[in-house]
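The structure under discussion appears below in the form of structure tokens.
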């Protein structure tokens, strides 16, 4: 299958030509067209390709590819020489290729041009038909994918709503449980604080009551002991006074008894004096009239 390339070239006289090349497997054909002149055609056969490749110490494939690159206008160092009979291309002093040219008749040229156009058009038409079918398939596939994507988006949105509702329910239940736990913890803390303060108050009150009771008991016992001592003192004084008023004859034993009573009175008075100093506020002094009553 041939392949056609084209580019603009300039000869040594700065004449512009349009170079068309039709490439085959092992040879190629060219058409040179000038704006004001007749077209020129030529061909480099397989033998010519092999001859030039040997002169340049290259393989036929390398020479063929290099010539394609030159005729596409990619190498700007190449000089072209066009005459009515030959077409040459050079790299400075080295001649890289040479083709014999001829001027075809108008009918032949038109026929060849039309044939080349058909050769170009047919594969292009096939490619366009193939690309149209592929484009249609791609359009249908795109529509199908778009519909599927829209369905998936709707499903995703519905799933997100359901999940959001479930999440909100779970979150609200968790919040409710947390609030209940906080209330319970707060109530237990308040109860523990109230219980602790009440127990301390009751213990302090009990201590105060016990202390007061013990104080009252000590005071009562002191009063009782004081009253008893006072009574004993009064009785001893009465006895002494009665002995002084009505003395009786007594023996030495009685005298000793009286002496003992007096000593006992003195001792009791002295002990009473000691006790009375510690409990002055708990009893009053007995008047003398009561002693003689």
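Just so you know, glycine gets a Cβ as well, placed from its N, Cα and C.
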What range among 149-179, 180-210 does TrEMBL describe as region 'Disordered'? 180-210
Could you put numbers on the helix, strand and coil content of the domain 'XRCC4 coiled-coil' (118-181), residue by residue per DSSP? 64 helix, 0 strand, 0 coil
